[in-house]
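Annotated features, as they stand in Swiss-Prot:
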type	residues	note
COMPBIAS	1-28	compositional bias 'Low complexity'
COMPBIAS	936-953	compositional bias 'Low complexity'
COMPBIAS	963-986	compositional bias 'Low complexity'
DOMAIN	784-895	domain 'PH'
REGION	1-43	region 'Disordered'
REGION	911-986	region 'Disordered'
REPEAT	68-97	repeat 'ANK 2'
REPEAT	101-131	repeat 'ANK 3'
REPEAT	168-197	repeat 'ANK 5'
REPEAT	201-230	repeat 'ANK 6'
REPEAT	234-263	repeat 'ANK 7'
REPEAT	267-296	repeat 'ANK 8'
REPEAT	300-329	repeat 'ANK 9'
REPEAT	367-396	repeat 'ANK 11'
REPEAT	400-429	repeat 'ANK 12'
REPEAT	433-462	repeat 'ANK 13'
REPEAT	466-495	repeat 'ANK 14'
REPEAT	499-528	repeat 'ANK 15'
Amino acid sequence: MGSTSNSTKNTGSTTTTTTTAAPATTAKHSNSAPTRPSVHYYSSTGDIEKLSNLLNNSATSPDTPDSEKRTPLHHAAFCGSAACVNFLLDKKANANIKDSAGNTPLQWASSRGHLECIKLLVEKGGVDVNTKDDKNGTPLHKASLFASAECVLYLLNGKADPRAVTTNGETPLHHASAGGNPQCVELLIKADSKVNAVDNDCITPLHQASFSGHSSCVSLLLKKGAKVDPRDIHGISPLHNAASAGYVDCVEQLVRNGENINCVDIEGVTPLHHTCFNGNLQLTKRLIELGAKINMVDEMGETPLHKAAFNGHKEVCEYLLYLDPTMIDCRDSRQSTSLHLAAFNGLLDMVDLLIRYKAQINIKDEEGATPLHKASFNGHSSCAKLLVDKGAPICIVDSQGATPLHKAAFNGRSKCLATLIRSGAELEVKDSQGGTPLHNAAYNGHSDCCRILLKKGANVNAVDTHSSTPLHLASAAGARDTVDVLIQFKARIDAKNFAGKTPLVYAIKKNHSDVARVLIRAGADLDQVSLRSSVDFTKTFGTENHDEIYQIVNKRESSNHEVDELQLALEQQAKEDMEQLAAEKQKLLLIKAAIAQFNSHPKKGIEFIVANGVISEKNPKEVAHFLLTHSELSKQSIGEYIGEGDDFNLQVLHAFVDELNFFGLDFDVALRKYLLTFRLPGEAQKIDRMMEKFASQFYQHNPENKVFVNQDAVYVLAFSVIMLNTDAHNPNIKKKMTKAEFLRNNSGINSGDDLPPDFMENLYDKIVTNEIKMERDGNQANQHVEKKGWLTKQGGRIKTWKKRWFILTANCLLYYKTPQDHEPCGIIPLENVVVTIDPQKKFCFMLHSSQEQMKACKLNSDGTLVQANHAAYFIAAANMAEMDSWVQSIKSNIHSNPNFEQLLKRKAETIRGRGKVSTKPIQNRKQTISGPPPSTTTTTTSTASNNVTSVGSPPNSGSVLNSSGSKPVTFSSTSSPVQQQTSALS
C-alpha cells in the first residue's frame with residue numbers, strides 16, 4: 001500500500017558516499033587524556049607545534065592509523081588545519097591512504113569545504129580528484145552537498161568528473177540540488193553535468209530540490225532544461241515531493257512550468273491527497289486554486305476527504321465539504337466512508353463534524369460494519385456514545401451477525417463495553433455462529449469484560465452453534481482469570497458441547513495446568529476425561545500433585561472394566577517411574593514445565609514457578625535471577641514480562657538489570673550486552689521503562705565517564721541507537737539514516753548540549769558496520785521449523801522474481817520479506833502438492849496441484865489474508881545442492897488434509913480479527929541525501945521486531961503503526977471471532 005512513500009531516498013548508500021564520520025578528536029574534555037594516539041589528537045586540533053615535536057622526536061609514523069584506519073592526515077583535513085596538512089605532507093604522509101570507508105583525506109576536506117586543505121592535498125599530495133570511496137562517492141560529491149561553490153569550482157578545474165555516479169546512481173548534481181546551493185548547481189550544469197540525470201530509482205535532481213524545498217534550485221534547474229514532470233520508479237513527480245513536504249513556492253514554480261496539478265503516481269495518488277493527509281490547509285487551498293480536483297480517487301478509491309478524515313484534520317475536511325458537500329458519503333474500494341475512518345481512529349471532533357455535515361450514520365462497509373462497529377472494536381467509548389446519541393442503532397449487526405457489543409467484548413474494550421450496555425445494548429444477541437458477547441470476551445481471556453457482562457445479567461451458560469459455553473472457550477484458551485470469573489458466576493463445570501467434551505478436556509488437551517486445577521477443585525467430573533489423557537495429565541501437571549493423577553487413574557481403573565491390559569500396564573509403569581524419580585530430576589522437570597509455562601504465559605509462568613517451589617518465594621531478585629539463568633526461556637516473553645508496569649514487574653526489572661555489570665564498558669558494548677538478555681517488546685511504554693533502567697545502571701556503573709552529563713542523555717541515546725540499528729540493517733529499508741541525520745536527531749540531548757561529535761560519529765560507524773544482534777524466538781507458528789532460508793519466488797499476477805525468506809514448518813511453506821517479520825507474506829499448505837524440477841530455469845523447482853488453483857493464501861497490501869492467484873509456484877535456489885535439499889524436505893511434508901479450507905478460513909478470520917481499516921496509506925517522501933536540514937519532521941516508527949526513524953515520513957493512512965516495528969498493522973472491526981473460537985476447540 002502507498003507508493004508515495006519512496007519518491008526520494010534517505011541516502012541508504014548515498015549517505016555513506018557523501019558524508020563521512022568526523023574523526024574523533026579524542027579529548028572530550030580539557031582534563032581528559034586522549035584515548036587514541038596523541039598524533040591524531042594534535043592533528044585534529046591543529047596544534048602544529050606539538051604535532052611536529054611528537055613526529056620529530058619519536059618513531060611515530062605520520063601514517064599511524066586509528067581504529068577506523070584514519071591517519072593524522074585524515075584528521076587534519078577534516079578539521080581544516082592547513083598547517084598540519086602541509087607539515088604532514090612534508091613528513092611524507094601518504095595522501096592517498098584510505099580509511100575503513102574508503103575515504104581519502106581529500107574526501108574529508110571536501111565534505112567540510114576546507115579549500116586550502118583541498119589544494120594542498122591535490123597539488124602537493126598528488127591526490128586524484130576523482131578518487132572514490134567504497135560507495136563510489138568522489139570528492140566532488142562531498143563538496144556539492146556540503147561545501148562552498150569555491151571548492152566545487154576548484155575540483156572541476158582540476159578535472160573532477162561532473163557525471164560521476166555513486167553506487168546508487170547519483171551524480172554530484174543530485175547532491176547539490178539536495179544541498180540547496182544554486183551556485184554549485186550552476187557550476188555543475190556548466191561543467192556538463194546532466195540536468196535530467198536519474199539515479200537507480202529514476203530520481204532526478206529536480207526531485208531532490210523539490211523535496212528539500214530549495215525553490216532557487218528548482219527555478220535554476222527548470223531554467224537549465226530540467227523536465228518538469230519526470231517520474232521515479234513509483235510514478236512520483238517533483239510536484240508530489242513538493243506538495244508532500246509542504247513547499248508552496250516549489251509547487252507554484254512547477255505548475256507554472258507546465259506540470260499537471262492533478263498528476264498521479266502509480267497508485268493514483270495526487271499532490272492534493274498528500275496535503276490533505278498531512279493537514280496542510282494553506283497548500284490544500286493553493287492547489288485547489290491552481291486547479292486540483294477535490295474528488296479524484298486513488299486506486300483504493302480514496303478521496304482527499306478520506307485522507308484528511310483519517311488523520312483528524314478538521315479544518316481541511318471543513319474546507320473540502322464547504323466546496324462540495326456531496327463528498328460526505330463517498331466510499332472507497334472497501335465501501336468505507338470518511339465517518340468509518342474517523343470512528344475507527346476515535347477522532348471525536350471529526351466524527352461530530354462529519355455528522356453535522358449529514359454523514360449517514362448507519363452506512364455499512366463491505367463487511368457490513370457501521371461506524372459504531374469501528375469505534376466499538378477499538379474501544380473509543382466517547383465516539384460510540386456520540387454515534388448512539390445521534391441515532392446509531394445499538395444492536396445493528398454486520399454481515400456476520402455481530403453487534404458493536406460483540407466487537408468491544410472480543411477486543412477487551414471494557415470501558416466501551418460498559419458504555420454500550422448503559423446505552424441499551426442487548427447482552428444475549430447471537431452472531432451467525434451463535435456466539436454472545438460473553439463468548440467473545442471469554443475466548444480472548446478478557447476477564448474484566450466478562451465480569452461486567454455477568455454483573456449485568458449475561459447468561460453464563462449460553463451456548464453457541466456447537467453447544468460450547470464461554471467456559472469451554474476460556475478453558476481452551478488457558479485464561480485462568482476468566483475461568484475463575486465464570487465459575488464465580490455459577491458456570492456449569494461439566495457442560496458438554498456437541499463433541500461431548502467438557503471444559504476440563506480442553507484444559508488438559510491444551511496443557512493449561514493452572515486452568516485444569518481450578519476446574520478440578522471446582523468439582524469437574526474426572527470421568528469425563530478419556531483414559532488416553534493420562535499422558536496429557538502428566539504433561540499438564542508435570543511431576544507435582546501425583547496424588548491427583550493417581551486418584552484419576554485408580555478411579556478410572558475401578559470403573560472402566562474394558563480397559564485393555566496394555567493401557568493398564570502403561571499406567572502402572574508411569575506410576576512406578578514417577579515414584580522412582582530422584583529429587584533433582586523432579587526439579588529439572590519442574591523447571592522445564594515452568595519454562596514452557598512462562599514462554600506461553602509469562603505471568604502465569606511466574607505463578608507456576610512460585611507455586612511449585614522452583615524458587616522459594618515470589619521475590620523480585622529470585623525471579624530476576626531465574627530469568628537470567630535459564631537460556632531456554634523465551635527472550636520475547638522475558639521482554640514482555642519485565643516491561644510490564646505493575647509494581648512487582650517493575651521490581652523484577654530493576655533486580656534484573658541490577659544483576660548486569662556495565663562497569664567500564666563502552667556505551668554500545670553495554671547496550672549490546674543488555675539487548676542480548678531479552679527481546680524488546682512492541683509497546684512503547686514498556687521499552688521506555690526498560691531503557692530508563694538501563695540508562696540509570698550504565699550511568700551509575702560509569703561515574704568517571706566524560707561523555708554523558710546525566711542519565712537522561714544515556715536514555716535518549718539508547719533509543720536512538722536502537723532506531724539506527726534497525727534502519728541500517730533492515731533490508732526492507734532502502735533509504736538509510738545518514739550520519740548527519742543521526743547527529744542532528746540527537747542534538748541537544750546532553751542537558752542542552754550536543755554529545756561530543758567524535759563520540760557520536762564513532763558510535764554511528766560501529767552500529768552501521770556491526771549490527772546489534774537482538775535475541776528473538778521466532779514466530780509462534782514457526783517454533784518447530786524444519787528448514788528455513790532465502791529463496792527467490794516468481795510472482796503471480798505480475799511475473800517478477802522476488803527474494804523471500806522461506807520457512808518450512810507444520811506441513812506448510814511460509815514466506816516472509818525478511819527473517820525479522822512476524823507475519824508471512826504468504827502461506828502454501830503442502831496439501832496434495834506436486835514438486836517438479838524445472839529444467840528450463842537454473843536451480844528452479846515448481847509447486848503445483850492437480851486442481852486449477854493451489855490452496856494457498858497471501859497477505860494483501862491492506863493486511864488481510866486472501867486467496868492467492870497461483871496455479872503454480874516457481875521457486876529458485878542459489879545452487880543445485882540447496883535446491884535438492886529444499887525439494888526433498890518439501891516432499892517429505894506433502895500431505896492430504898481435507899480440513900484445509902477450514903484452516904484457511906480460520907487464518908483469514910484471525911487476520912481480520914486484528915482488524916482491517918479501509919484506507920490507503922500515504923507516506924511522505926524521504927530525502928535522498930543528508931544535508932542542511934529542510935523543514936521536515938522526524939517520525940519514529942516502532943515495530944515488534946524493529947524501530948525505524950525516517951525523515952519526513954508520517955504514519956500510514958489506513959494503518960496504525962505498531963509499537964514494535966517496522967511494518968504497519970491494520971485493523972478490522974468485522975472479524976468472526978466465534979469462528980476462531982470453534983477452531984480453538986478442535
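Placed from the backbone N, Cα and C atoms, the Cβ positions cover glycine too.
Keep in mind the model is a prediction, meaning the values are calculated, not measured.
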Going by DSSP, how much of the repeat 'ANK 8' (267-296) is helix, how much is strand and how much is coil, in residues?
-> 17 helix, 0 strand, 13 coil
Residue numbers, six or more beyond the limits of the repeat 'ANK 3' (101-131), whose CB comes under 8 Å of its CB atoms | 16, 18-21, 23, 68, 71, 73-74, 76-82, 85-86, 89, 95, 137-140, 142-143, 145-148, 150-151, 154-155, 158-161, 164, 765
Under the DSSP assignment, what numbers of helix, strand and coil residues are found in the repeat 'ANK 15' (499-528)?
-> 19 helix, 0 strand, 11 coil
For the repeat 'ANK 14' (466-495), sequence-distant contacts whose Cβ falls under 8 Å of one of its Cβ atoms, 6 or more beyond its ends = 433-434, 436, 438-439, 441-447, 450-451, 454, 460, 501-504, 506-507, 509-510, 512, 514-515, 518-519, 522-525, 528, 600-601, 604, 981-982, 984-985
Long-range environment of the repeat 'ANK 13' (433-462) - Cβ separation under 8 angstroms, sequence gap at least 6 = 400-401, 403, 405-406, 408-414, 417-418, 421, 427, 468-471, 473-474, 477-479, 481-482, 484-486, 489-492, 495, 976-982, 984
Across the repeat 'ANK 12' (400-429), DSSP labelling yields 16 helix, 0 strand, 14 coil
On average, residues of the repeat 'ANK 13' (433-462) score a pLDDT of 95
By DSSP, what is the split of the repeat 'ANK 14' (466-495) into helix, strand and coil residues?
-> 17 helix, 0 strand, 13 coil
